[in-house]
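Sequence annotations record features per position, and here TrEMBL assigns domain 'Cation/H+ exchanger transmembrane' to 5-311. Annotation source TrEMBL lists transmembrane segment at 12-32, 44-61, 73-96, 108-133, 139-161, 173-203, 223-244, 265-287, 293-311.
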Amino acid sequence: GFHLYHKLPSIVPESCLLILVGLLLGGIIFGAEEKSPPVMNSDVFFLYLLPPIVLDAGYFMPTRLFFENFGTIFWYAVVGTLWNAIGIGISLYGICQISAFGLTDITLLQNLLFGSLISAVDPVAVLAVFENIHVNEQLYILVFGESLLNDAITVVLYNLFKSFCQMRTIKVIDIFAGIANFFIVGIGGVLIGILLGFVAAFTTRFTHKIRVIEPLFVFLYSYLSYITAEMFHLSGIMAITACAMTMNKYVEENVSQKSYTTIKYFMKMLSSVSETLIFIFMGVSTVGKNHEWNWAFVSFTLLFCLIWRALG
């Protein structure tokens, strides 16, 4: 019913409605069984639900416009994300020092960890409005490209602060190593993605007699790039994005029209299913007894998100 009303997506994002559906389901489960609903395992999210979404975004990325505006996109994605994460983290740490809020046990690193997590953006609603008003392509690709790289930067930054939180003492060399690792993880992931993208392009040159397996190779090599990067502690998101963009440019010339149609619609379907499950589980996991609510922390988080993103 959401898509029957054409003006609704520009007013209320689909993700918000899915979260509300999850809240309703979580409330029903909690009321029926009187225990907290099941929550999504992080491994399920990172290994099964996230890759299809990133693959879809990377494969259908307008590559020419992306690389023409890469400098601006990279600046917004890297510097903008760092600005938001660090700004929000430090601001929340200042709030945590006020004893009246009962948050004095939260450290600076924990706030920075949360700041990196909350800095991820979901531009679906904005892009939907852009499509309706037919905004110029450059503005569209800036928002779309920044959101794609933002996800990758956020995950790398989150893992960096998470490793710092697990250290008993942090030395200066650890900070420099973390900064170096920030770039190594991203660049390494891109190189793995490009390599496997070219392997996929080379493989599909010899499938003209067995067209039925062409879509399989596209999904196989893209997921392999993600798993390989994660196995070497590199950025799986950057890997699958680079692999998808490489395959879009070179594999498309080798596969048949039927295979391309299959790849397109199956990729869109997987991405849509993954996004739906993620947002519904977000709503479901909100209901239950395994949370400790602090309205001051929630309110100031929303406030600082608006302030730091506006300043950035």
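Note that Cβ sites are derived from N, Cα and C of the backbone, with glycine treated the same way.
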In contact by Cβ distance (the transmembrane segment (73-96), the transmembrane segment (293-311); 3 or more pairs under 8 Å): yes
Contact ranking winner - 12-32, 73-96, 173-203, 265-287 against the transmembrane segment (139-161), Cβ under 8 Å: 73-96
Tertiary contacts of the transmembrane segment (265-287) (same chain, 6+ residues out, Cβ under 8 Å): 15, 18-27, 29-30, 36-40, 45, 48-50, 52-53, 55-57, 59-60, 215, 219
Surrounding residues of the transmembrane segment (173-203) on its own chain - C-beta under 8 Å, 6+ positions past either end: 152-153, 156-157, 159-160, 163-164, 167, 217-218, 221-222, 224-225, 228-229, 232-247, 250-251, 254
